[in-house]
Amino acid sequence: MGSLKNEKEMEETVEESKEAILYVNGVRKVLPDGLAHLTLLEYLRGVGLTGTKLGCGEGGCGACTVMISHYDRKLRKCVHYAVNACLAPLYSVEGMHVITVEGVGNHKRGLHPIQESLARSHGSQCGFCTPGFIMSLYALLRSSQTPPTEEQIEESLAGNLCRCTGYRPIVDAFRVFAKTSDVLYADISSLSLQEDEFVCPSTGKPCSCGSKTVNDIDTNGQIICSASYKPISYSEIDGSTYTDKELIFPPELLLRKLTPLNLSGLGGLKWHRPLTVKHVLELKEKYPNAKLLIGNTEVGIEMRLKKMQYKVLISVSHVPELNMLNVKEDGIEIGAAVRLTELLNLFREVVTQRPAHETSACKAFIEQLKWFAGTQIKNVASVGGNVCTASPISDLNPLWMAARAKFQIINFSGNIRTTLAENFFLDYRKVDLVADEILLSIFLPWTRPFEYVKEFKQAHRRDDDIAIVNAGMRVCLEEIGEEWVVSDASVAYGGVAPRSLGAIKTKEFLIGKKWNQHVLQGALNVLRADIELKEDAPGGMVEFRKSLTLSFFFKFFLWVSHQIEGKKSIKESLSSSHLSAIKSFHRPPLVASQDYDIKKHGTSVGLPEVHLSSKLQVTGEAEYTDDTAMPPNGLHAALVLSKKPHARILSIDDSGAKSSPGFAGSFFAKDVPGSNKIGPVVLDEELFASEFVTCVGQVIGVVVADTHENAKLGAAKVHVEYEELPAILSIEDAVSAKSFHPNSQKILRKGDVELCFQSDQCDMIIEGKVQVGGQEHFYLEPQSSLVWTMDGGNEVHMISSTQAPQKHQKYVSCVLGLPMSKVVCKTKRIGGGFGGKETRSAFLAAAAAVASYLMNRPVKLTLDRDIDMMTTGQRHSFLGKYKVGFTDEGKVLALDLQIYNNGGNSLDLSLAVVERAMFHSDNVYEIPHVRIFGSVCFTNFPSNTAFRGFGGPQGMLIAENWIQRIALELKKSPEEIREINFQGEGSILHYGQRLEYCTLAQMWNELKSACDFLKVREEVNEFNLHNQWKKRGVAMIPTKFGISFTTKFMNQAGALVNVYTDGTVLVTHGGVEMGQGLHTKVAQVAASAFNISLSSVFISETSTDKVPNASPTAASASSDMYAAAVLDACKQIKARMEPIASQRNFSSFAEVEGAFIQGLGWVALEELKWGDAAHKWIRPGCLYTCGPGSYKIPSLNDIPFKFSVSLLKGHPNVKAIHSSKAVGEPPFFLASAVLFAIKDAIIAARAETGHTEWFPLDNPATPERIRMACLDEFTAPFISSDFHPKLSV
């Protein structure tokens, strides 16, 4: 026990201030009282700084990244760091300087070199994520006293997601900043500085705020601009015009004395910022239920997503006693408010300064913190916050327990007690703190000689992901005679119980035992009983989690044994094949190449032009729907959603909504002025459910209020009474119940399948089934529409984030009972779509339109990420049942296939999706006899919809599964089976089309030669032979993809071209710019057609009153269609234009790479988990994976080490304008090579235990599916050899 005694402090009475000052981009802002409920993001967007985007609202995507600067009085210097503005409470940055992307540079005064480099490198496609990437790197450069390494740059971007580019062009754009020269930050030469002067990155002038070096950046002839670099086409993105210096830290904030704050917010919320621990304790005594916070990374999630209400928030980030970091002789004292980034930096420092044997625990924390979260989270999240949250999957708590950490706890009287970390965690989110106590600090002792601490973590994704299971383990050995004996030990796990759990029996078993194979086997046996997981445990994956507890300890045993090899005596040495289990992961620098021909024709066609909007996107000036300023009388809308998968609506009570703050109106089925029936193909949906709901998330009504938050609050207060009905929650259930959408069953035939099976032509016949998982679109910009009336309500106009403005026009006219001629939909650009904004965005615009029309006021509806994911549908999951006949040589003779997709609760485009899957079910293989049945299942899930590939990838994935099975049955390589079954020139497909200009064999052979496939196969086999616990795989997968809409009348396009007297050209067409560079390509065609420069062509917004009846921007055909329409218009204007050569490369390499990485996510990472029979721990019909916290798309760390893209040369596409190559959808399925390479590696692992039989591997091949397919002694106690992990299909 102890106490904090400071008599002077005790006598002081704390005077709290209500004056809050903030600087934003150099401009002083006085924050009035009453804004405690706002996040920094809400404030910034509210004052017009819309470059900072709302992508997810939970700190998981990085779109909201800004840089915070403040004066650190302890370090006596300015510090700069990136944060997620969506989580940062507004008052938490009081007294600080916030720099947003607008403060870095703009297209009028010049781009910052970071912005210019990203624009030139084609690193901004849809552009919605771009400001976040810019700010993450900007903060790194401003905070780095020496030039960052490539690894540091990539680490700084771990908290940023991109869905378009595949990350490669972003890495290329930013890696140039890892070089050395200060010319981009200062015009003065470093030689003119005096010896101790430092060039401040804030001002570009000598100052004393840093060390002797600066963020040195070397243009070195690279694509970043210097005076010697010649712009590609036009000067708007030329960073050499950027002459203004960086925004300095405001002098007022240097001089301003820090004061305690007492502020308020809506709903009676109180915000306090104490400056002493005494004041903290007084506030906690006054408000026992108050929440202490630093970074708000947990409390913010609880309040926004979990709807928890905290009336008093106490920000303890400025309390010195809670921010101490003391390195002592016996260990490290860490204040509870210390940020994780600070802690990581300290650990890295002490590892270089202390004896190696003392820092084993520090090294374990370094590794765990590296993968803990994105940089933005680590910059603000605190040690104490992570500890006291007591999450059962905390990465750090098992390590504190294992490493003998002690927690210092202080009460209201100032008395301090100490408790061991291993005794601190009591139950689910309950810790050993009573009402009058807070966590003061943590003491981490140095490790002793021959004491080893190791961290373990298994997540779905390596970067920025929560753990499935994690662990901290420690053992202290002493030499007795010629044996190593365990004198002390600790084993703690997360993810296996409601709290971080110590394996007590295992610890007791280990102590006193000799460290050898016998103790390993004994400990594994004890562990199995020590850690218990019930079958219905929340989180599922029970068998996988159990196996991880054993394999982590096995790896720990190997690691410790390896550490003590060569240190005194050891009788048992590790075999070299076991070492692969303990080698740490190190990601090499990305190596990438893009191989293609550039053939310029005319003024612009053929050049790899920079995206026309890139300069606006990298500066945050590009406007998206939600960036559109609200008119003064504008309202915000929120949806009233069903909470049941299938039920009868008994009553709807909106009285609670009417009494909520800011309420303006509520509208339901009875209020729809026109028809309540909607649908893109058949009218089988209701805008607002009237009598029945058929999925969780179905729209029942809409509430409008003065703010977005008040609208959500009002919608939540609408009470709906239900009578629950039976629900169908899987394809298998639907097939059993014969639950299919009407007229959705199709059949394709070629040859005679039955006759072939019955004849003796087939040497072998196999049967099986393939489950194909769904996928969330995860466009970075959520669905959004702004609707307003004109001319007294006679016209309705809207701005929407949609791939199909015409569908919005049609839906709105339908529900309002207006002719389409009175409804206008405009779209400037969208922040990603991938099919998810083709049809499923239209009902949202219609819902907002009802409210706007009836109230005659503008209404904006923007979905939160979780609502977006829960309501708007995903890629269809599929079930395929195949029967294949083939010869002993591997020649396929007959395919009988039944495929089912999960359509959800309405037809939407599901029939066209299943048809395309049927068309692609042969992939590239010649099959004489084919019969394919396709059906769309009606299930009680939100309607699934278009997604890149539109059913084609699912059909091809099923085909590649039976191809690989044939190879296994015949003991041949899959590549050999593929080659002997290739289609060729003139092949007749099972739907009657003849293949023309077939380049399959040539492409296959070129690729096989270029990557030296046979040599790689030998190297993989050799590696697997010598490594028991790490396996490699290799696969080479072909693809054939049909371009165009299968509904033929949709393959048309329109354009309007205006030529002005100054020689400039304005083009409007029916396509939507969503990052694919459609506007840029169309502008290039117009520029070359008129023989003018590209800068003389401007592409206006897409609008239904300029180009009517346009098809959706989809099917990989938009560049062809709209460029052809523009060319036709140009020809009409310029009747005798010069001939344009027939060679044109419309490819976008970032789009190819983006499609591949999105495909990689589908086959290896992204798993949708629904409340179904496979996941009984989720509420029926609900989507569990409804945000970046639980649904993992690929991050920068997931891109291939070597990423090469090449376009086939010498084969122009004679059927498309200027030899255009469709690159939107075809590259997506190429990523299936990743799935089959993983399976190849699993085959090698299974062979180690004698399992050579066929096994299924569903996509996504998550860590669970991979691990449980690798049958060995760690899975055997929990599963049989035919175990099949659960998948929502």
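Placement of Cβ uses the backbone N, Cα and C atoms for every residue, glycine included.
Note that TrEMBL annotation is computational and uncurated.
Small disclaimer: the values here were computed from a predicted structure and weren't measured.
Counting residues of the domain '2Fe-2S ferredoxin-type' (18-104) by DSSP class, helix then strand then coil, yields 14 helix, 31 strand, 42 coil. As annotated by TrEMBL, domain '2Fe-2S ferredoxin-type' applies to 18-104.
Neighbour density for CYS86 ([2Fe-2S] cluster 1 binding site): within 10 A of its CB lie 28 other CB atoms from the protein chains shown. The [2Fe-2S] cluster 1 binding site annotation in TrEMBL covers CYS56, CYS61, CYS64, CYS86.
In the shown protein chains, 29 other C-beta atoms lie within 10 A of the C-beta of CYS126 ([2Fe-2S] cluster 2 binding site). Per TrEMBL, [2Fe-2S] cluster 2 binding site is recorded for CYS126, CYS129, CYS162, CYS164.
Look at TrEMBL and you will find 264-449 tagged as domain 'FAD-binding PCMH-type'.
The Cβ of LEU439 (FAD binding site) lies under 8 Å from the Cβ of ALA336, GLY384, VAL387, CYS388, PHE407, GLN408, ILE409, LEU433, each on the same chain and at least six residues away in sequence. The FAD binding site annotation in TrEMBL covers 292-299, PHE372, 382-386, ASP395, LEU439, LYS457.
For GLN803, PHE834, ARG948, ALA1115, the entry in TrEMBL reads Mo-molybdopterin binding site.
Listed in sequence order, the residues of the same chain lying 6 or more apart from THR1046 (substrate binding site) and placing their CB within less than 8 Å of its CB are ALA912, GLU915, ARG916, PHE919. The feature substrate binding site is assigned by TrEMBL to GLU838, ARG916, PHE950, THR1046.
A 10 Å cutoff on Cβ-Cβ distances gives GLU1225 (active site, proton acceptor) a total of 26 other Cβ atoms nearby, all chains included. According to TrEMBL, the feature active site, proton acceptor maps to GLU1225.
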From CYS162, SER382, GLY385, GLU1225, the recorded positions whose CA lies within 10 Å of that of ARG948 (Mo-molybdopterin binding site): GLU1225
Neighbours of GLN803 (Mo-molybdopterin binding site) among the binding-site residues CYS162, GLU298, GLU838 (Cα to Cα, within 10 Å): GLU838
Pairwise CA distance, CYS164 ([2Fe-2S] cluster 2 binding site) versus GLY385 (FAD binding site), rounded so that it is a whole Å: 34
Cα proximity to SER382 (FAD binding site), best match among binding-site residues CYS56, CYS126, CYS162, PHE950: CYS56
Candidate with sparsest Cβ neighbourhood (10 Å radius) among CYS64, CYS162, LEU292, the listed binding-site residues: LEU292
Overall pLDDT for the domain 'FAD-binding PCMH-type' (264-449), taken as the rounded mean: 95
Residues flanking the [2Fe-2S] cluster 1 site, with Cβ no more than 8 Å from the Cβ centroid of CYS56, CYS61, CYS64, CYS86 and excluding those residues themselves: LEU41, LYS53, LEU54, GLY55, GLY57, GLU58, GLY59, GLY60, GLY62, ALA63, ASN84, GLY132, ARG865, PRO1188
Shell of the [2Fe-2S] cluster 2 site beyond CYS126, CYS129, CYS162, CYS164, same chain only (C-beta within 8 angstroms of their C-beta centre): SER124, GLN125, GLY127, PHE128, THR130, ARG163, THR165, LEU780, GLY831, GLY832, GLY1075, GLY1154
Rounded distance in angstrom between the Cα atoms of CYS61 ([2Fe-2S] cluster 1 binding site) and GLU838 (substrate binding site): 23
SER382 (FAD binding site), number of other Cβ atoms within 10 Å: 28
Candidate with the highest Cβ count within 10 Å, taken from the binding-site residues CYS56, CYS61: CYS61
Local Cβ density at PHE950 (substrate binding site) - other Cβ atoms counted within 10 Å: 28
Which of GLU298, GLU838, all binding-site residues, has a Cβ with the fewest other Cβ atoms inside 10 Å: GLU298
